[in-house]
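For reference, the structure is listed below as structure tokens.
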Ligand code: HEM
Ligand SMILES: *[C@@H]1O[C@H](CO)[C@@H](O)[C@H](O)[C@H]1NC(C)=O
Ligand SMILES: *[C@@H]1O[C@H](CO)[C@@H](O)[C@H](O)[C@H]1NC(C)=O
Ligand SMILES: *[C@@H]1O[C@H](CO)[C@@H](O)[C@H](O)[C@H]1NC(C)=O
Ligand SMILES: *[C@@H]1O[C@H](CO)[C@@H](O)[C@H](O)[C@H]1NC(C)=O
């Protein structure tokens, strides 16, 4: 009963957002493809489920793929485009973003049942939602009807995506730049309740951290020791769970970890105890650490907001192959 009530609220909130967003046509709708490609949900669901049965982490990877797509020129599948000037080669994505093959396989199936109907950007948005759901997270109706962009934007990816070494203020600014606010920063960072990160992204916290302390003082001591041992070989590609207490389960443990100084990335832990975090985000971290339902509800809302970041510039198209423009 609670679930359907909050979904009802969401429908009204989405309407309110659209009406309040003067000048921008609100094109995304619920069940956009119900007449043109009724098989869509089953096909995406099947592929994501199979990929996660082979490797649970893939749910997290698909969620991140959607985020990195949306922050650059809007949610337009631009991250999927191959080519040396592509976003795939931007620093935040190279050897890091995963899931491209899952999207390809979904697209192949869709082209055989409803050719040139479903955009790659919508496939990514939908796949991300099943990644959340099959990890134990909330269900939400993904708004659909996105067009695929005609250009990739490598410098946009390099400059627009947040890095874990950045101060919280500057991360908030990058969210603001795409119409998201500091609440969304805290809520969407909760995506780090699933998935992995490589040593290269947090090993600066483990040794020679500052003139006064070798290890980041906001990293819990026993976790620091185990991470040091993981990363000591110098292989920056070694991975470990972003959520040390429940790596593959979508829950609010991410926030509880932050209260215990067990956030993996500086940008995670900083939400709770960096100076800018204390000023801006700490209270909300505390709220979500003690209220998992509130986190789920707000996460759905922020995901819908992120999924609404509009395609920049061109009109867009429905790509036949997600890796190349038609
Ligand atoms: C707030 C700023 C954020 C920063 C600085 C950040 C940074 C990172 C980094 C450095 C990694 C590990 C990458 C690697 O090891 O190669 C990562 C992984 C991940 N991020 Fe974020 N992230 C942020 C926000 C988000 C958001 C908004 C989402 C989605 C809504 C998200 C979802 C994920 C997921 C699911 C993973 C794990 C992916 C996998 O295991 O394949 N992150 N993030
Ligand atoms: C790339 O993204 C930046 C914002 O990060 C934007 O200013 C620029 O216009 C984009 N370029 C293209 C070709 O879309
Ligand atoms: C962020 O935006 C949401 C609406 O999407 C709003 O409810 C929330 O209060 C905003 N947070 C801040 C800190 O402005
Ligand atoms: C530690 O950091 C200092 C200052 O950044 C640098 O000069 C020194 O070479 C570093 N030491 C090691 C062992 O990396
Ligand atoms: C990680 O792996 C990639 C691809 O195999 C390789 O090019 C890169 O040098 C490795 N990075 C680190 C930090 O070891």
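Positions of Cβ are set from backbone N, Cα and C atoms, glycine also.
For the Ca(2+) 2 site, TrEMBL lists 243, 251; matching the candidates 29, 36, 183, 193 against that entry yields 193. When 55, 87 are compared with the Ca(2+) 1 site residues 69, 72, 74, 76, 78 in TrEMBL, the one appearing in that site is 87. With respect to their backbone Cα atoms, residue 199 (disulfide bond) and residue 192 (heme b binding site) stand 15 Å from each other. For the recorded positions shown (68, 192), fewest C-beta neighbours within 10 angstroms: 68. Of the candidate recorded positions, 37, 68, 114, 120, 231, the one lying closest to residue 74 (Ca(2+) 1 binding site) when CA atoms are compared is 68.
For the pair residue 70 (disulfide bond) and residue 78 (Ca(2+) 1 binding site), the C-alpha distance works out to 9 angstrom.
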